[in-house]
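Presented below is the structure to which this report refers.
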Amino acid sequence: MDILKDLQQRGLINQMTDEEGLKKHLETEQVTLYCGFDPTADSLHIGHLLPVLMLKRFQQAGHRPIALVGGGTGMIGDPSGRSSERQLNSAEVVHGYSESIKEQLARILNFDEGENAAVARNNHEWLSQMTIIDFLRDTGKHFGINYMLAKDSVESRIEQGISYTEFSYMILQSLDFQQLYQKENCTLQIGGSDQWGNITAGLELLRRSAAGEEEVEAYGLTVPLITKADGSKFGKTAGGAIWLDPEKTSPYEFYQFWINADDRDVIRFLKYFTFLSLEEISELENEVETQPEKRVAQRRLAEEMTKLVHDEEALKQAERISAALFSGDIKSLSGAEIEQGFKDVPTYKSEEKEPQLLDLLVNAGISSSKRQAREDIGNGAVYINGERNQDLKHTIGEEDRIEDRFTIIRRGKKKYFLVKFQ
Ligand SMILES: N[C@@H](Cc1ccc(O)cc1)C(=O)O
């Protein structure tokens, strides 16, 4: 399998150093490669997915990926792609974030399995052991100030201002490459498009620090920045970022994110994010062209991604919730599914276990007045768990509560309200 060719056909390569050399290197050897992830939050988000999946692609082609968690660099803050100085987190916070991120990486990549199992490293291990004197004497000497100032990450910040802390970041990332090159024979670093400067700085350090001793063979490769046809930012919704942690973004929301992909984006996303073959993707492309209303490609994308990041069971739940919301048949859902599917609808906590429907509509702000509530019920505009209820005297009873905790009231075609009971 020609991995570079596959990546190119999928549009997954933004920049690389020495294409010919890298191609040959990958053809003739099992290559150890790495990608770093800084713990800037307690979870990765879908903006991190492309490089993570890239590691997996190399792994499937027989190479050996290292997923590096930036427990050390996360204490400093990468200025790449940022217009202002970062807020520093405490050591405990960075440590906690590092642990969660490592677990997420382990879920997607195969850690400790097989001959080319992925391995996890944390750069806190070596960066924290280095003394300032060694740093300045042994590493600092290889970095010219003009070279550093010319990097995008620094140059674009000169006016705004950049601290010595963030200015030094590229040297730390370079030290990681050096460490992994020397200790683990890692010869390729990959990253997002904004990492080009840091990756090439690392290659520079490898060459300079080895000067005269050996021929250094090492490469860098970046993945593209993901754009959307409508011009909005990928991975952000009105509700914020799409996280990989199911507690922060439920599998249902995650599924919805992908299923909402624009017809103009969906094929590119299938190539970028899934492991479907290009033939299969081209069949889906045909579907988008001939019967876009069926959204076959979007459904496939949502399925593949939900399985990949979560699991089969989470996918089934997401599909059940989507189907129930579509048909209005809420009764079939479990309490956990209700929580996921109705996370963003107006919620009312009922003190009373058995309220009158009429009072509930008013108290929960579903109908604007008692008169309106009567009218709504009378008109048949009110649904309890998907079933129309026109009884002006109805009392919410046990049969109206899902797992004794939730009742979903719908008013009109699609205005949903979640009532919670203690
Ligand atoms: N600087 C990278 C993360 C990283 C950290 C350490 C490395 O050695 C490599 C990459 C980022 O912010 O995305």
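Backbone N, Cα and C atoms are what each Cβ position is placed from, and that goes for glycine too.
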178-182, 233-237, 243-247, 363-367 - the range that TrEMBL marks as motif ''KMSKS' region': 233-237
Residues flagged as motif ''HIGH' region' in TrEMBL, choosing from 9-18, 39-48, 159-168, 399-408: 39-48
DSSP helix/strand/coil residue counts for the domain 'RNA-binding S4' (356-417): 20 helix, 17 strand, 25 coil
Sequence-remote partners of the motif ''KMSKS' region' (233-237) [C-beta within less than 8 Å, at least six residues beyond its ends]: 45-47, 226-227, 257
Cα-Cα distance linking Lys236 (ATP binding site) and Gln173 (L-tyrosine binding site), given in Å to the nearest integer: 27
For the domain 'RNA-binding S4' (356-417), mean pLDDT (0 to 100): 90
Most distant Cα pair in Å, residues Tyr34, Tyr169, Gln173 binding L-tyrosine: 18
Neighbourhood of Lys236 (ATP binding site) by C-beta distance under 8 A, where only residues 6 or more apart in the same chain count: Ile242
In sequence order, those binding-site residues of Tyr169, Gln173, Lys236 whose CB lies under 6 Å from ligand 1: Gln173
